[in-house]
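S.K.: Below you'll find the structure I mean.
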Amino acid sequence: MAASCILLHTGQKMPLIGLGTWKSDPGQVKAAIKYALSVGYRHIDCAAIYGNETEIGEALKENVGPGKLVPREELFVTSKLWNTKHHPEDVEPALRKTLADLQLEYLDLYLMHWPYAFERGDSPFPKNADGTIRYDSTHYKETWRALEALVAKGLVRALGLSNFNSRQIDDVLSVASVRPAVLQVECHPYLAQNELIAHCQARNLEVTAYSPLGSSDRAWRDPEEPVLLKEPVVLALAEKHGRSPAQILLRWQVQRKVSCIPKSVTPSRILENIQVFDFTFSPEEMKQLDALNKNLRFIVPMLTVDGKRVPRDAGHPLYPFNDPY
């Protein structure tokens, strides 16, 4: 089953369901990509920081291109610029490393992963003696100008943002000659992001949801927090429609025209996650899922300081999650 697409302002078509690769083991991700392509996925979401772009590149080389499973022009590949590479001099070398690792000549979409910059260098998480992060003063508007040059060179087809708030999006738009096409943020029924989605849609940005199933497999999960996949409303709709809870959560997003990048390395789940285009929710069913919103954010980078878990970057002036949206 092929995923339906949304049209970006660049004219590109982005499939509404893509394969996420965050937390996918290098040893497992190659087979996962190959399987996903074989069952109709045409959108792969990557990032330099995930540490597995080389293996993804091997899968793409074997399966994408003339005479192979998928022609390159049918595939939509996203990657992301890491925080240590925001300095304008570091942007193109970072992209070229990603392209070399993925064995691609261009990316369909390149995102700035976070609004703030870490200290330049090869350590992905440069730290002070007390364990806190060492930041760099480069502003995302300077980074954006360097990203725009990549489009002019034909290395990237579209640019976007990840983990930016509404104010920061407008700040980028105020200087952009290449406007961002996509915002990628955490989004699921517990964190519906309605205001942020409306803000983006009014400005011609499409939204991609990461952790659309609630990311209950992450290492720092609080055992007390609610589990989206076990939410009674979700289970009831799954039973009613003869679907899995994951399919219910993904259908809710694609019906709102929000693209999703569920991560899996399990063939049965990879297949299940794209089988969400042959059923529809009524307006009442959509409202039931909308009503689950509690502005509950799961993905907040944390640090342990003096034995306590604290948000790693919350004190940074460009931290995105201190604003209402």
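Even glycines carry a Cβ here, placed using N, Cα and C.
It should be emphasised that the depicted structure is a prediction, and the values quoted were computed from it without experimental measurement.
As listed in Swiss-Prot for this protein:
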{"type": "ACT_SITE", "residues": "Y50", "note": "active site, proton donor"}
{"type": "BINDING", "residues": "11-22, D45, 162-163, S211, L213, 215-216, 263-266, R269, N273", "note": "NADP(+) binding site"}
{"type": "MOD_RES", "residues": "A2", "note": "N-acetylalanine"}
{"type": "MOD_RES", "residues": "S4", "note": "phosphoserine"}
{"type": "MOD_RES", "residues": "S38", "note": "phosphoserine"}
{"type": "MOD_RES", "residues": "K127", "note": "N6-succinyllysine"}
{"type": "MOD_RES", "residues": "K127", "note": "N6-acetyllysine"}
{"type": "MOD_RES", "residues": "S211", "note": "phosphoserine"}
{"type": "SITE", "residues": "K80", "note": "site 'Lowers pKa of active site Tyr'"}
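On this model, are these features tucked inside or out on the surface, and what's nearby?
M.R.: Proximity of Y50 (active site, proton donor) to non-local residues of its own chain (separation of 6 or more, Cβ distance below 8 Å) is seen for T21, W22, K23, S24, given in sequence order.
Counting only same-chain residues at least 6 apart in sequence, those with a Cβ under 8 Å from the Cβ of S211 (phosphoserine) are E186, C187, H188, F298, I299.
DSSP assigns S4 (phosphoserine) to coil, not to a helix or a strand. Sequence-distant neighbours of S4 (phosphoserine) (same chain, six or more apart, CB under 8 Å from its CB) are P15, L16, V254, F277, listed in sequence order.
DSSP gives S38 (phosphoserine) a helix state. Within the same chain, residues at least six positions away from S38 (phosphoserine) with a Cβ under 8 Å of its Cβ are L69.
DSSP assigns K127 (N6-succinyllysine) to a strand. Other Cβ atoms within 10 Å of the Cβ of K127 (N6-succinyllysine), summed over all protein chains shown, number 13.
Taken residue by residue with DSSP, K80 (site 'Lowers pKa of active site Tyr') is part of a strand. Under 8 Å, Cβ to Cβ, and six or more positions away along its own chain, K80 (site 'Lowers pKa of active site Tyr') finds C46, A47, A48, I49, Y110, L111, M112, H113, S162.
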S.K.: From the Cα of K127 (N6-succinyllysine) across to the Cα of N273 (NADP(+) binding site), what is the distance in angstrom?
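M.R.: Distance between the two Cα atoms comes out at 38 Å.
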S.K.: Given the binding-site residues G11, P15, which one has the fewest other C-beta atoms within 10 angstroms of its C-beta?
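M.R.: Sparsest of the binding-site residues G11, P15 by Cβ contacts within 10 Å: G11.
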S.K.: Mind checking which of L19, L213 has the fewest other CB atoms within 10 A of its CB? They're the binding-site residues.
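M.R.: Per-residue Cβ counts within 10 Å for the binding-site residues L19, L213 bottom out at L213.
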S.K.: Determine the Cβ neighbour count for D45 (NADP(+) binding site): the number of other Cβ atoms within 10 Å of its Cβ.
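M.R.: Excluding its own Cβ, D45 (NADP(+) binding site) sees 25 Cβ atoms within 10 Å.
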